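Here's what TrEMBL has on this protein:
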DOMAIN    142-283  domain 'Class II Histidinyl-tRNA synthetase (HisRS)-like catalytic core'
BINDING   R220, Y224, Y225  L-histidine binding site
DOMAIN    304-395  domain 'Anticodon-binding'
Amino acid sequence: MPLLGLLPRRAWAALLSQLLRPPCASCTGAVRCQSQVAEAVLTSQLKAHQEKPNFIIKIPKGTRDLSPQHMVVREKILDLVISCFKRHGAKGMDTPAFELKDFDIAGQFDPMIPDAECLKIICEILSGLQLGDFFIKMAWKDVRHEMVAKKGLAPEVADRIGDYVQCHGGVSLVEQMFQDPRLSQNKQALEGLEDLKLLFEYLTLFGIAEKISFDLSLARGLDYYTGVIYEAVLLQTPTQAGEEPLNVGSVAAGGRYDGLVGMFDPKGHKVPCVGLSIGVERIFYIVEQRMKTKGEKVRTTETQVFVATPQKNFLQERLKLITELWDAGIKAEMLYKNNPKLLTQLHYCESTGIPLVVIIGEQELKEGIIKIRSVASREEVAIKRENLVAEIQKRLSES
């Protein structure tokens, strides 16, 4: 069955680093980046005591502090990857051998069905991330050595395969190789070509055949691959929204590794496996650079409604109102002040991207109504207090 790895080891290291920070750094402000808080606290302590610290706060090697904006982007990317894995039947697995970005299928199955699904998953994820056009290069692992040393293929036949190394294409290239008598008349070569033809038939049914390029020049470095290998590459053009080309290499890769499990099994049992790995760090980098180039803003919270008032001494009414929203499962906020100015509250909603504001004041309280304000259009409507939750839920479902 497909396996979905959990948190990568570097994520656990980052989490541990937060837990080990001094208590003063963790309680000064939850909304700030932890490194900024720690730095501010240390600065204030140094000014107070006028002495040098006997320690230096450092984040673990291989990790970095992330701003709320970065975390929002990363969570969206990981959520998309995880939802795709689960859509294809993945089960969670907590082990250092598999990470969040990995999807693996192990077991005895008919040829090329799991391989085709792995390629389909890569296409779904890259299409969903909207990173731009891409294609997947696919080949046999170490073709000549595999065919001659392990499969017993005649050297001259393997050399004929080498003639195709500079070629790339889809099912048409496979058909061309079928027509070559030096390949089609050899049993081992014919079996490989039949597998490739079968794979492209499945890829056509999945609707992704045009994204796959059979390229014998592809040779991945890991030596445990035993069959078809592939890697996904973005097609970036300089004219794309004024962006500069990003040299990030492949953003996903995988292949068949039938012999890997047996290497770690005391009895040497072989378990056929095929899998893929999503290059999440490279994808993070691409998305962050594009956002920086375009000057895009990211909402750092998912707040749906803000509770506001134009009156003084209305904290209790706001607390009653926000409790009603929370209990209904609505994400809501308010300012932590007894008497905030209405303009300050509305500016906060605009700056943070909160879509709706509910307003209560003396007149609304007297008439038993609540005003709902759309932050984007600045339009306000008055509704009965008892209809508030239903109206909010209706508006959120339509947005």
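Keep in mind that glycine also has a Cβ here, set from the backbone N, Cα and C atoms.
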Winner by Cβ contact number (other Cβ atoms within 10 Å) across the binding-site residues Y224, Y225:
Y225
Kindly report the helix/strand/coil residue split of the domain 'Anticodon-binding' (304-395) according to DSSP, in that order.
41 helix, 21 strand, 30 coil
